[in-house]
């Protein structure tokens with residue numbers, strides 16, 4: 001597991017987005033499920049993390065009140081039990097049936113180190129998933145409204161800032177490095193056609209609109225208009241090379 005402290009992270013982030021958001025002082029543990037095929041290894045790691053965070057701590061401020069009791073009640077009333085001292089019944093722990101299938105959730109995650117707050121995702125998504133806070137910063141407002149298997153908003157994001165951890169395509173799932181800029185659907189490798197990311201996103205959105213009984217909108221709503229003011233120029237050598245590659249039947 002990898003321990004990351006939010007107040008010690010040294011990331012190159014967009015100050016306009018991240019600095020405006022409250023960052024809680026907490027520890028985040030990331031467990032790589034590819035390390036082992038034995039579930040017991042993960043249970044042991046979880047037990048280790050729980051034990052590490054169950055170490056008893058003391059309020060140092062209470063030592064300054066002149067009392068040697070460390071703030072414990074002296075009227076004969078026993079102190080309240082801590083969470084670790086309570087019984088299972090007192091903690092109201094609900095046992096989970098091991099035979100019950102665990103459902104995988106589908107939801108988007110915004111990488112604020114990449115996000116420029118361009119709002120293209122909120123313009124493109126027609127299911128009410130995204131919203132803005134009091135500082136007009138984009139956020140995931142209704143996770144449950146997201147359509148399972150539809151990463152269309154991630155495909156139209158110009159900064160690769162919208163991630164779907166459960167997606168099969170590494171770039172959409174949040175892969176780091178140069179691969180993050182390659183939002184190539186794996187289906188293309190197996191005869192899936194030559195549809196680009198934007199066209200794929202439009203098809204995915206129309207499919208979910210139809211499933212909800214709504215009318216498909218195609219490319220008439222929420223399509224990003226990039227470089228519309230750029231004048232067309234003559235092809236250079238690189239353009240000619242790309243045209244030749246496109247014309248080759250590989």
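Cβ atoms are placed via backbone N, Cα and C, with glycine included.
Per TrEMBL, the stretch carrying the note region 'Disordered' among 185-217, 218-250 is 218-250. According to TrEMBL, the feature region 'Disordered' maps to residues 66-90, out of the candidate ranges 41-65, 66-90, 91-115. Taken residue by residue, the domain '4Fe-4S ferredoxin-type' (106-135) breaks down under DSSP into 5 helix, 5 strand, 20 coil.
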